[in-house]
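**Student:** Sharing a structure below in structure tokens format, with a few things to ask.
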Amino acid sequence: MSVNIKLEFLGGLDVIFNSERYHKVTVPSTNASTPLILRDLIKYIVDNMIKDPKDIEVFIENDTIRPGILTLINDTDWELEGEEEYVLESGDVISFTSTLHGG
Amino acid sequence: MSSDITLEQLKERLAALELENTQLKSELSSNSSNTKPAESSNTQTFEPSTSLTLEEYTRYGRQLTVSQFQSIPGQLSLKNSKILVIGAGGLGCPALLYLTGAGVGKIGIVDDDVVDISNVHRQVLHDTTRVGWFKAESAEWYLRRLNPNVDIQTYCYRLDPLNAFDIFQEYDLILDCTDSPHSRYLINDVACLTGKTIVSGSGVRTEGQLSILNFRNSGPCYRCFYPSPPPPNSVTSCKDGGVIGPVIGLVGVMMALEAIKVLTGWYTEETFKPFLGLYSGYDGLSQSWKCFKMRGKKKECIACGDASNEGKLTRELIQSGAIDYEVWCGVINYNVLKESERITAGQYADILGKFKEDGHVLLDVRPKEHFSIVHLPHSTSLPLDKLRRISDKAQLPFDTDKPVYTICRYGNDSQYATRYLNDTFGFDAKDVKGGLYKWSMDVDDKFPTY
């Protein structure tokens, strides 16, 4: 079953997503018997939403979200929710925020 | 200046200013010598107060009457606290302003930088007359007038692995108001090893972040959140990315509030929940604040985790210099050109005279926001980021038969642009060393710098 997800790209990450911070996406199911997980969503974002291949390294390093980007599932750190194995549900808000260093 | 001012009047004005300058300097040095403890002041005793003076009742009356502040015990907690603010810039200034106003007993300020006129739009303790002063001393100058009850100590040098432990030991709470990952990791590691809570803020452009780290040695630390540093090219400073004053100011003010909450015991080990706050000044048509629930302390963390962890940090390890924080966080290599691929601003002026404006191409590779502030009239805007996405020579938006020169703000991005042009398209492009900054210094002093 496909899921409807609200995506947030914060901390300046929106630059690689057409400078739009908020997106609504429908992630199509790949296999009817296995639920969609966060890893599928990340692949969906890389395959469908990042227009320029050069921007992928801004988002991904060693096949996962690159250091310096925090991933939040419904306003909660993904570490508390199973990280990439988290089972997506329609209505979830998934946020990615780049860490800021300036002061 | 109007031309009817006579030379005599100017001389008088100069003499008056010189006198004022001397008076201010002597005032400052007498203030400093009275109250600045020696470097070895950790032996000095800081007597806990059990009461407020009459002046303090009046001065702090407006916060004393707020129930969450917890009345006299709350005020005494602040009065008996010692906090260390690292960085007296966009975050440190507003944080210091409110914490000094609120009556924290002792405040240390660490910053090795000096005030630049480009700081003053957001670094609200400094002003136009104190450009060139150490930021820590300029902040002290302001804060002493704001609240003479507060004991202020300045450290006009850079925090480093050798001096950090001795400084931290004198304080109860650390405010990380710095601007680079390597200082944030150093502050984190030393705070974990000396058992200090950190109130941490950051920001750039239109957004800011806020957190409390290593809360009473039981909350997660910076390394729990970020075990490995970000790639150096993903790190944007306020100097490069720009920053809106009130945005970073709000984060600094929020840091002051979190510091007050920590010091007055609003949070306890039982009630504290790790969080990361994210402020956005331009969220569509409004402003927004999001607060994320964060992971707890990680047992395997090398800074705050179990002592038996492989690679666990120790004071000895850090002080031995075994961790080069700057190298660990990565240094961007800008030296990508041969000397023959570079020219000075003066040489470019000669080329401009020889080829004229239409006999060559000058590519300005700064972001478009920078180009729109000021540029050389004959230059073509092609931001580095955009240039690097072009792999087909026919798509280059300039006459590729003409000699090509590149320029940027300080001469870093122009080197990358030249490297890319020469490697990808076989050009013989050259970059202008030191960029528009050197152009302004060496060739045209009417050309604005920013």
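Even glycines carry a Cβ here, placed using N, Cα and C.
Because TrEMBL annotations are produced automatically, they should be read as predictions rather than curated entries.
It should be emphasised that the depicted structure is a prediction, and the values quoted were computed from it without experimental measurement.
Pasting the feature list from TrEMBL:
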ACT_SITE  B:Cys238  active site, glycyl thioester intermediate
ACT_SITE  B:Cys408  active site, cysteine persulfide intermediate
BINDING   B:Gly90, B:Asp111, B:Lys135, B:Asp179, B:Ser180  ATP binding site
BINDING   B:Cys221, B:Cys224, B:Cys301, B:Cys304  Zn(2+) binding site
DOMAIN    B:356-448  domain 'Rhodanese'
REGION    B:24-48  region 'Disordered'
**Student:** In sequence order, what residues of the same chain, 6+ apart, have a Cβ less than 8 Å from the Cβ of B:Cys221 (Zn(2+) binding site)?
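**Tutor:** B:Cys221 (Zn(2+) binding site) has long-range Cβ partners B:Asn188, B:Ala191, B:Cys192, B:Ile198, B:Leu213, B:Asn214, B:Lys297, B:Cys301, B:Ala303, B:Cys304.
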**Student:** State the Cα to Cα distance, in Å, between B:Ser180 (ATP binding site) and B:Cys238 (active site, glycyl thioester intermediate), rounded to an integer.
**Tutor:** 10
**Student:** If we take B:Asp111, B:Asp179, B:Cys304, B:Cys408 as the recorded positions, which have a Cβ under 8 Å from chain A?
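**Tutor:** The answer, in sequence order, is B:Asp179.
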**Student:** Take the domain 'Rhodanese' (B:356-448) and count its residues per DSSP category (helix H/G/I, strand E/B, coil), listing them in that order.
**Tutor:** 36 helix, 13 strand, 44 coil
**Student:** Relative to the mean position of the Cβ atoms of B:Cys221, B:Cys224, B:Cys301, B:Cys304, the recorded Zn(2+) site, which additional same-chain residues have Cβ within 8 Å?
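**Tutor:** Surrounding the site, in chain order, are B:Asn188, B:Cys192, B:Leu213, B:Asn214, B:Pro220, B:Tyr222, B:Arg223, B:Lys297, B:Lys298, B:Ala303, B:Gly305.
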**Student:** If we check Cα distances from B:Gly90 (ATP binding site), which of the recorded positions B:Cys224, B:Cys238, B:Cys408 wins as closest?
**Tutor:** B:Cys238
**Student:** I'd like to confirm something. Which of the binding-site residues, B:Asp111, B:Lys135, B:Asp179, B:Cys224, has a Cα closest to the Cα of the residue listed as 'active site, cysteine persulfide intermediate'?
**Tutor:** B:Asp179
**Student:** For B:Cys301 (Zn(2+) binding site), list the number of other Cβ atoms lying within 10 Å of its Cβ atom.
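**Tutor:** Other Cβ atoms within 10 Å of B:Cys301 (Zn(2+) binding site): 22.
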**Student:** Pop the Cα-Cα gap between B:Asp179 (ATP binding site) and B:Cys224 (Zn(2+) binding site) into the table, whole Å please.
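**Tutor:** Rounded to the nearest whole number, the Cα-Cα distance is 19 Å.
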**Student:** Pop the Cα-Cα gap between B:Cys238 (active site, glycyl thioester intermediate) and B:Lys135 (ATP binding site) into the table, whole Å please.
**Tutor:** 17
**Student:** What number of additional C-beta atoms lies within 10 angstroms of the C-beta atom of B:Cys304 (Zn(2+) binding site)?
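**Tutor:** That number is 27.
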